[in-house]
Amino acid sequence: MAAGGPSRSSAKQRTGAAGCGSAAQRERLAGYAPPSPPARPSPAPRSRPHRPPRRRSRILRKAAAERSAEEGRLLAESEDLVTELQGRSRRREGLKRRQEEVCDDPEELRRKVRELAGAVRSAKHLVVYTGAGISTAASIPDYRGPNGVWTLLQKGRRVSAADLSEAEPTLTHMSIARLHEQKLVQHVVSQNCDGLHLRSGLPRSAISELHGNMYIEVCTACTPNREYVRVFDVTERTALHRHQTGRACHKCGAPLRDTIVHFGERGTLGQPLNWEAATQAASKADTILCLGSSLKVLKKYPRLWCMTKPPSRRPKLYIVNLQWTPKDDWAALKLHGKCDDVMQLLMDELGLEIPPYSRWQDPIFSLATPLRAGEEGSHSRKSLRRSQEEPSPGDQDAPLGSAPIRGGWFGRGCAKGTKRKRVT
């Protein structure tokens, strides 16, 4: 090594200083240290939602005479809290009372039916609004009754019912058809998807099925939309925002879709919803008869209630339902009874015979479009038959009895929090 040259050790030291691993170390070696970053403030403790003390709630459940002096003092010291707890209790009791089914005693019910019969006779334009309560006699559960679909789902219980192909128009359906035949009813607006109004013999022009019909699928690619009435439930593969049925239009080959309007959807089809006729009928109505509907959905359709008219010019409202409805205070008369019982009394009072339902005269068989070759296996639902002996091509021996309801308008798409891909 040359004299006076740098030694290897000193060179290594300089190289090591220049190649220190972090920027902070290099800056400190250079005689500079940047200011340390400000300390991050500690997060504020999360505030828990205010929960009233359970002790005070337990005390309030006791009768005033059963409370001790100490418990009375504790309540007196928490006056605002006690007021809040008592308000909550009143609201809970009010909700429970609204869900209870109440029946008028027989004599009171007959008196009310006589008043209703007078209103039917004198009405110039009577429109009937129907809900799930008119189909419970056909073993189709309602939605908000004690054993209704929404009630059971909210309790976490399984939704099941008898095979819907066995359902037939009830006494109420057949009574409405006769009232329309006698020109006492001008139009029927229904929330039901079970197709029983159509099968009772009501003309298509006299029905507005606002939430669709389980027997009808349509091609929206054709103009006007092409309808296909079937003798089986077409909603097997459909659900909320999923409406394609798996079959194709015979004319253009486009996918067919069901007509069901699920909760949270907006109905845009012309038929079978028939909103135009429903709106016209409501605007002309001087009397509205609501049968078997909680009216919690129908109340949201202002066009059906003539809300633009002054109260004195709105139609008179008559309600038949076992439970409270949000329109009770508006009603000229509220009848607490089962729809079939009320309609039997009404038809007797009007002197009209209720026609019996006959599958041989069911219009759905003449309206139905048969499946094409190769489509027989496109569904597994039991088809309607005019008689037990009549063969029904396309049936896949679907299980009968109390099998869970799957698909389309009944049950699927009801669970909250389930997001599905939208399919048009």
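Keep in mind that glycine also has a Cβ here, set from the backbone N, Cα and C atoms.
Note that the structure is a prediction, hence the values are computed from the model and not measured.
Listed in TrEMBL:
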| type | residues | note |
| --- | --- | --- |
| ACT_SITE | HIS211 | active site, proton acceptor |
| BINDING | CYS219, CYS222, CYS249, CYS252 | Zn(2+) binding site |
| COMPBIAS | 34-46 | compositional bias 'Pro residues' |
| COMPBIAS | 47-61 | compositional bias 'Basic residues' |
| COMPBIAS | 63-73 | compositional bias 'Basic and acidic residues' |
| REGION | 1-73 | region 'Disordered' |
| REGION | 372-424 | region 'Disordered' |
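Taking DSSP states H, G and I as helix and E and B as strand, the compositional bias 'Basic and acidic residues' (63-73) has 8 helix, 0 strand, 3 coil. Outside the compositional bias 'Basic and acidic residues' (63-73) by six or more residues, the chain places nothing with a CB less than 8 A from a CB of the stretch. Fewest Cβ neighbours within 10 Å among the binding-site residues CYS222, CYS252: this applies to CYS252. Rounded to a whole number, the C-alpha distance linking HIS211 (active site, proton acceptor) with CYS219 (Zn(2+) binding site) is 17 angstrom. Sequence-distant neighbours of CYS249 (Zn(2+) binding site) (same chain, 6+ apart, CB under 8 A from its CB) are CYS219, ALA221, CYS222, ARG226, PRO255, LEU256.
Highest local Cβ density among the recorded positions HIS211, CYS219 belongs to CYS219, counted as other Cβ atoms within 10 Å over all protein chains shown. Within 8 Å of the centroid defined by the CB atoms of CYS219, CYS222, CYS249, CYS252, the record's Zn(2+) site, lie the Cβ atoms of THR220, ALA221, ARG226, HIS250, LYS251, GLY253, ALA254, LEU256, excluding the listed residues themselves.
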